[in-house]
Amino acid sequence: MAAPLLESLSESLGSPEPAVRLILSILIGYPCALVYRRFLFYQSTTVIHLFHAVSGLALAAFNFGAQIYHSAVCILIQFLMLRLMGRTVTTVLCSFTFQMVYLLAGYYYTATEEYDIKWTMPHCVLTLKLVGLSFDYYDGGKEPDQLSSEQRNAALPSVPSLLEVCGFSYFYGGFLVGPQFTLRSYQKLVAGELTDCPGKPPNSVIPALKRFALGFLCLTIYAIFSPYYTDGYYLTDEYEAQPFWYRCVFILLWAKVILYKYVSCWVIAEGVCILSGLGYNGVVDGEHQWDACANMKVWRFETTPLFGGTISSFNINTNAWAARHVFKRLKFLGNKTLSHVATLLFLTVWHGHHSGYILCFSMEFFIITVERQALALVRDSPLLSKLANSALYPLIYVVQQFFHWLFMGYPLVPFCLFTYDKWLKVYSSVYFCGHVFFLVAFLIMPYLRKALVPKKERSQKQD
């Protein structure tokens, strides 16, 4: 009965059935959160863990059928490693190795040349959760003064139960598309601590509905415009026949539209977390904050003219996870650039084995490096600083936004097209303009600095 209904719904929406199942599953998180608030908030932790585990498993089965065994196997093995191996570096290394190898094997055996919604999609989210769990359990065995504030907040004082790990892993607000959150945050949720009204369900309905409305707006924008800006258009003769300027503008507009696919899912899922209470983030300046699970800062995402600003506003919790568990734990290398490269390499591997991921993240590093040099140049040059703060700023902002989104879309091409033959064809059609632009910018930056920055400023260390 359900299958024909879903098939009919997907046909009427013009979307693949797996995508419809995914969106419905994210939306089902709202009634699940309401059930938790209304009937289970005062129940025992066992009952709440069981509800979260069963509801999440049901959503997983709805989307992926019998393939839910992959997540179950990884959760069980992770629990056994914590229980049997204890708080050791070996536990962390074994967890990291097993979970990443399992994920990469899943990518290898299920990969196609298209973006498919299959069991590996939520499993990449689960992989970070379980690896982070091993780190947090290991940190729980250290003295507090040996830990950073982030590590102290996430450290686990004791080994969790299997049911607790299942509830944490399958929680309906984060299993399918994220966000990332720690087991300690989940434990506080189950204990009824994440609320603005101690001892009562949180007053989070309005904040949750606001995120739902914003996410639905983004989803509507994507549904309206995505048929006109498809990945496949890049590979057509029609695209190659267009003028150069048109091909560049298409990359810009395509990037804006394609990212709404991710923005909409994350913002709607954030609303589920807020409704349950998991999004509660304390009080700032007398105002209750509900952004603990925010994966998007939509206003910054839409208005920033900087590549760094877009990256910092996009997939926030995954970036925070990588910073906490990879970048900062590589402090012993004594080199931030090397730690940054290693973190991007990890994220590349975590996304999959397609060459497009390698190119995308390597270009991200290069673009951010050039942007930092350009910002330092503007800051240190009296002429450029004066120009940036002049009446011409609105015009500068518009031009900056154009180049910002053009070159945000540029590395997204290989990210979305995956394979060498596809993204190379697109880059050839625009004459590798992005590569040339940033290479030239990188090479001439020292000369511009010498010409525009006073000598005494040049001697200072650049950011």
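Residue positions begin at 1 at the first shown residue.
Cβ atoms here come from the backbone N, Cα and C positions, even for glycine.
Feature list (source: TrEMBL):
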type	residues	note
TRANSMEM	20-36	transmembrane segment
TRANSMEM	48-69	transmembrane segment
TRANSMEM	89-109	transmembrane segment
TRANSMEM	212-229	transmembrane segment
TRANSMEM	244-263	transmembrane segment
TRANSMEM	333-350	transmembrane segment
TRANSMEM	390-408	transmembrane segment
TRANSMEM	428-448	transmembrane segment
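Count of Cβ pairs under 8 Å against the transmembrane segment (48-69): among 20-36, 89-109, 244-263, 333-350, 428-448, the largest is for 20-36.
A contact between the transmembrane segment (428-448) and the transmembrane segment (244-263) is present, since 3 or more of their C-beta pairs, 6 or more residues apart, lie under 8 Å. Tertiary neighbourhood of the transmembrane segment (390-408): same-chain residues 248-249, 251-252, 255-256, 304-307, 310, 367, 434, 437-438, selected by CB-CB distance under 8 Å and a gap of 6+ residues from either end.
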